[in-house]
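Step one of this worksheet: look at the structure below.
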Amino acid sequence: MTMYDLAQQDYQVLEEMISKDPSLITKKDTNERFLLHWAALGGRDLLVEELLKRTPEQLEATDDTNATPLVLATLGGHLSTVRMLVARGANVNHKNWQGHFALQYACSKGHFEIVKFLLEQGADINVTDNRHDTSLHRVASQGRAEILKYLLDHKAEVNVQNAEGNTALHLACEDEQSACAMLLVEHGASGTIQNKEKKTPLDLAKPGLKRNLKNKLGISDE
């Protein structure tokens, strides 16, 4: 039985298994994950609570991608699990091997309540991953306008450029996310910043969106 399978077991059954073999909570699988990692990913709150009582040192344990239980709980969309881990001191700004972090995952997956909670708990709204993408880049490209507005209202930097030189507005325009593009401009996004290919957001926008953005930006057609 894999560690993943163990984490899916009925709690009482698993308790009996652990009492017979305590090493189940201290050994890692081929993903370098403890049972706690899988319990957090699956939102098994009762199990997570019990495991943390027995092995509190695993709170910040990392798997083979450098993900902690908090990062995995966020990825799984489990607010109550996220709350529990943070209450016990989990680092809300921890990054995995690609530089991805809990807030970015919550934004990418559309877990709005987790986004709000993490920001309340001190998550850095402007932190970047290894490709210099912020959480704002993610929601802009995916069209998550409600979360994007929340980030902007909480002082997310609007013109950060990623490794390709793209701002959030570049991505919104490229992926035809009109609502996000308009919100970004309303919050100060520049339509003239060039990426590494010398393209501005307006260069990437389809005609209809480009026209609306130019009107919003006060740019006249030459």
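We count from 1, first residue shown onward.
Backbone N, Cα and C atoms are what each Cβ position is placed from, and that goes for glycine too.
Just so you know, TrEMBL annotations never went through curation; they're auto-generated.
Summed and averaged per residue, pLDDT over the repeat 'ANK' (65-97) gives 98. As annotated by TrEMBL, repeat 'ANK' applies to 65-97 (among others).
For 98-130 (among others), the entry in TrEMBL reads repeat 'ANK'. Helix first, then strand, then coil: DSSP counts for the repeat 'ANK' (98-130) stand at 17 helix, 1 strand, 15 coil.
Residues or ranges marked as repeat 'ANK' by TrEMBL: 131-163 (among others). Using a Cβ-Cβ cut-off under 8 Å and counting only residues 6 or more beyond its ends in the same chain, the repeat 'ANK' (131-163) has close neighbours at 98-99, 103-104, 107-108, 110, 112, 115-116, 119, 125, 169, 171-172, 174-175, 177, 179-181, 183-184, 187-190, 193, 195.
Marked as repeat 'ANK' by TrEMBL: 164-196 (among others). Long-range neighbours of the repeat 'ANK' (164-196) within the same chain, counting only residues 6 or more positions beyond its ends whose Cβ lies under 8 Å from a Cβ of the stretch, are 131, 134, 136-137, 139-145, 148-149, 152, 158, 202, 204-206, 208-210, 212-214, 216-217, 219.
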Distal contacts, the repeat 'ANK' (65-97) - CB-CB under 8 A, six or more residues away: 36-37, 39-45, 48-49, 52, 56, 58-59, 103, 105-106, 109, 111, 113-114, 117-118, 121-124, 127, 129
Tertiary contacts of the repeat 'ANK' (98-130) (same chain, 6+ residues out, Cβ under 8 Å): 65, 70-71, 74-75, 77, 79, 82-83, 86, 92, 138-139, 142, 144, 146-147, 150-151, 154-157, 160, 162
